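Here is what TrEMBL records for this protein:
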{"type": "TRANSMEM", "residues": "6-25", "note": "transmembrane segment"}
{"type": "TRANSMEM", "residues": "37-56", "note": "transmembrane segment"}
{"type": "TRANSMEM", "residues": "68-88", "note": "transmembrane segment"}
{"type": "TRANSMEM", "residues": "95-114", "note": "transmembrane segment"}
{"type": "TRANSMEM", "residues": "120-139", "note": "transmembrane segment"}
{"type": "TRANSMEM", "residues": "185-204", "note": "transmembrane segment"}
{"type": "TRANSMEM", "residues": "216-237", "note": "transmembrane segment"}
{"type": "TRANSMEM", "residues": "244-268", "note": "transmembrane segment"}
{"type": "TRANSMEM", "residues": "274-292", "note": "transmembrane segment"}
Amino acid sequence: MASDSSQIVVSVASWCVCSVGMMVFNKVAVSFFPAECFLVALQMAVACFALLAFAWRTIHIGSLYDVMRWMMVIPFFSGMLLTSMLALKNAPMSLVVVLRCLSPIAGLAVESFYPKPIQVSAGMLGSIFIMLAGSALYASRMPHHQLAGAGWALLNSGFAVGDRLLQRLMLAADQKPVDISKTGVTLLNNLAGMVPVLVCAAATQEWNELPHLSDLSLTAYLWIAASCVVGVGISYTGIWCQSLISATGFLILINVNKFAIIIIEALWMSKELTWAQVVGAVITVFGGVTYGKAQEALAEKEKDSEKEPLVAQTA
């Protein structure tokens, strides 16, 4: 039991580091390399190469049926990565955070139909609405001209919900897991995911926007390379987390994690935050903490009820 808890802590911490790095590196990389589809495809190709070069012994794929089941995840995974890049290019991070806060509500609704539905308490629901209130306060002080790109951010939230729900269903031991290792599904995500991304690149004739490689500076190469390296980490740690915690819990984690990005933007990218936005961020983080506590309390309550005898013992 202790090993499971430590594994959850390590997986969540690893994902948070990779997620923060991915957002920051992508934000800068896409400014140097404006062809979003090709940048995402490049990151996927690097992930495939890294897995085949360094982790091929751990790649396990049980059957063709497992692969076909996992193919349902691919459109959502590719769509999530691509729309995330487009949202970063066209919308402020705060808008992405606000819209992502709606995703756990949709996650709870869908996850209630799983083979083993997630248990929900009043405390968990209250925590989600605390996060929504904090995010709304944060967004209420945004200048109206920053609302550009709302469509991409909203679409990204939809893809994120579908991706997390399907991955949870096919990875968690208490659901209907596929017989594929974590490195195996990471490889499938990136290898098969390149197809829809490249189709989008062809449909939009994005090759016309490709900058000449000779025009890129060393700094640009470093940012692009960093985004590719961190992309490998986030692909694996995301799947690792999804196999250990609920899809809704993972969506909550995403929402809280985004505020670390906003703080980095405020301190490093010269984006000013008002006091209302700071308070909104604190409220949202508090909501994330109370959600975790409520989920933990519910799990303990379920364990205690399982220990109770079904038939009362008589003397």
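Here the Cβ of each residue, glycine as well, is placed from N, Cα and C on the backbone.
The largest share of C-beta pairs under 8 angstroms with the transmembrane segment (6-25) comes from 216-237, of the ranges 68-88, 216-237, 274-292. Below 8 A, the CB atoms of the transmembrane segment (216-237) and the transmembrane segment (37-56) form 3+ pairs separated by six or more positions in the chain. Sequence-distant neighbours of the transmembrane segment (37-56) (same chain, 6+ residues past either end, Cβ-Cβ under 8 Å): 26, 29-30, 78, 81-82, 85, 183, 186-187, 190-191, 193-194, 197-198, 200-201, 204, 206-207, 210, 224, 227-229, 231-232, 235.
Away from its own ends, the transmembrane segment (185-204) comes close to residues 35, 37-38, 40-41, 44-45, 47-48, 51-52, 59, 61, 67, 70-71, 73-75, 77-79, 81-82, 167, 171, 178, 235-236, 239 of its chain (Cβ-Cβ under 8 Å, at least six residues beyond either end).
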